[in-house]
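Worksheet: the structure to be examined is printed underneath.
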Amino acid sequence: MTELTRIPLAGVIGLPIAHSRSPALHGYWLKRYGLKGHYIPMDVAQADLRDVLAAMPRMGFVGCNVTIPHKESVIGLADIVTDRAALIGAANTLIFRKDGKIHADNTDGTGFTANLRQNAPAWQPQSGPAVVWGAGGAARAVIAALIEVGVPEIRLANRSRARADALRSDFGAKVHVHDWVQAGNILEDAVTVVNTTSLGMVGKPEFRVPLDALNPKAVVTDLVYAPLRTRLLVEAEAAGCRTVDGLGMLLHQAAPGFERWFGVRPEVDEETRAAVLAT
């Protein structure tokens, strides 16, 4: 097969990978835009990660998405790491360059911001504090994005105080750490509220942070998208808040990689959303 006739391959690697909506999303975009290409989900064990990444370009892959548990590990295997991926400490998008180098990026933060801009167009993040629950990889991406858009203060609460303190050390004085027992007490006057934990996800413990102090002018978003309408979003909506579910972040974070791999910037719209939800 010559270079001219090679059909580009992309995919997603993780363990397990069966839950991923990425194949449905990228498959939909390929069909929508009439593009030649394939997007393949692959279960990859940690012990095989280095060998798999080395083999993928030879098999015709132009890049891949990365999900749990490999998002941190691929940083050390990439030749080029973007500043934002280095700051977050994880990558979700790899590009296999023609010169043989692996380029690692993290688009979670831009996906988060784009989701709120699209679904809460009146959102003004610079107008007041943000509350972030959780201190894992998703929280790091969200905090980096919030700082970039000018949030003046980030109130962070996590079930493990040590992880939150470590995150503050990396991101600086805008981040104020609070004990988890205070998670509901830091909501007053916050204009952005984000759950980055797995609380409320199908099969996980319920989200039980009291929301009495919630600012009705806040935009509240939950990165959990299974279920789509989490307890947090239902209660926040009842309190008068604008709510944004987590599916849009998944859709928006995928667009930059698709463009790099297949040459078309895909639209994230209601048709895209419906196609993914139908799978």
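Note that Cβ sites are derived from N, Cα and C of the backbone, with glycine treated the same way.
Cβ neighbour count for Lys71 (active site, proton acceptor): 24 (other Cβ atoms within 10 Å of its Cβ, all protein chains included). A coil conformation is recorded for Lys71 (active site, proton acceptor) in the three-state DSSP classification, outside any helix or strand. Annotated active site, proton acceptor per Swiss-Prot: Lys71, in sequence order.
Annotation source Swiss-Prot lists shikimate binding site at Ser20, Arg21, Ser22, Thr67, Asn92, Asp108, Tyr225. According to DSSP, Arg21 (shikimate binding site) is assigned to coil rather than to any helix or strand. With a cut-off of 8 Å between CB atoms and residues at least 6 apart in sequence, the same chain places Leu250, Val276, Thr279 near Arg21 (shikimate binding site), listed in sequence order.
The Cβ of Gly136 (NADP(+) binding site) has 16 neighbouring Cβ atoms from other residues within 10 Å, across all protein chains displayed. As annotated by Swiss-Prot, NADP(+) binding site applies to Asp83, Gly134, Ala135, Gly136, Gly137, Ala138, Leu223, Gly246.
A C-beta separation below 8 Å, combined with a sequence spacing of at least six in one chain, links Ala135 (NADP(+) binding site) to Leu156, Asn158, Ser160, Arg163, Ala164, Ala166, Leu167. Shown in sequence order, Phe112, Ala138, Val142, Val194, Asn195, Thr196, Gly246, Met249 are the residues of the chain, 6+ apart in sequence, with a C-beta less than 8 angstroms from the C-beta of Leu223 (NADP(+) binding site).
If you check the binding-site residues Ser20, Ser22, Thr67, Tyr225 against Gly137 (NADP(+) binding site), none has a Cα inside 10 Å of its Cα.
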